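To start, the structure itself, in structure tokens.
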Amino acid sequence: MPFTATVLTLYPEMFPGPLGVSLAGRALREGLWSLEPVQIRDFATDKHRSVDHTPAGGGAGMVMRADVIAAALDSVPSGRPVLAMTPRGAPLTQERVRALAAGEGVTILCGRFEGIDERLFEGREIEQVSIGDYILSGGEMAALTLLDACIRLLPGVMGAASSGMDESFETGLLEYPQYTRPAIWEGRTIPEVLRSGDHARIEAWRRAQAETDTRLRRPDLWERHEGARVHSPSGAQRRNRNDKS
Ligand code: SAH
């Protein structure tokens, strides 16, 4: 069975959307992953097929009903992790993406309106995931983002490139800056070291750039990276060796 993404949504027509083109689209057509959008509204029970209602306690907007979503969820084969996209969830990380991509697939629940009745999260095993500290109008774009990150890691989708452990976050650092042709653009040259053919120097330069950029742009990542280095035994050894040289 290929990696299977079941997406519960009020807008199944948004899928595969951007995942139907380029690498993910080709992989979908080749059967390297499969997609099953589920229309939540099909599980509504009243004659108006309602999926939402006004918030208990008052306030703006509408809230998605736990009973309707639970019925939709219970119709999906179990065994794969169930994720709900919500700004109240744990921030998505490359580490979590890797773990998900190594599994059999995911079931993703996309919210709309003001969100979902909290009792759903008490009554079902659901991992709440956020893609960042901003508010989208619905969970569909967040689901597409999560799936894109997973799919590029599936075997055969990207070839060698996807195993690149240099990439931003894989090492706990941002990636070093990249350059390509032309050799001179608007008077700007490519750093000399990258044209030297000296692989050891290139690697050292890239490492230094990755560290500087991470420190300046993402002090939060840098602090975690430095902390891990200082506290792990192998990190401490690496450090000592660097100090001596
Ligand atoms: N009132 C809610 C936001 C609702 S936004 C709150 O303040 O927490 C509507 C839906 O969009 C959410 O149910 C969720 O599925 C999706 N969504 C919005 N922002 C998101 C984010 N940063 N990450 C993941 N999903 C998000």
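Using the three backbone atoms N, Cα and C, a Cβ is placed for every residue, glycine included.
Just one of GLY111, GLY156 is listed by TrEMBL for the same S-adenosyl-L-methionine site as ILE131, GLY132, ASP133, TYR134, ILE135, LEU136, and that one is GLY111. Listed binding-site residues: GLY111, GLY132; maximum Cβ neighbour count within 10 Å falls on GLY111. Long-range Cβ proximity for TYR134 (S-adenosyl-L-methionine binding site), meaning a same-chain Cβ under 8 A and a gap of 6 or more residues, is found for PRO87.
Counting other C-beta atoms within 10 Å of each candidate's C-beta, the binding-site residues ILE131, ILE135, LEU136 are led by ILE131.
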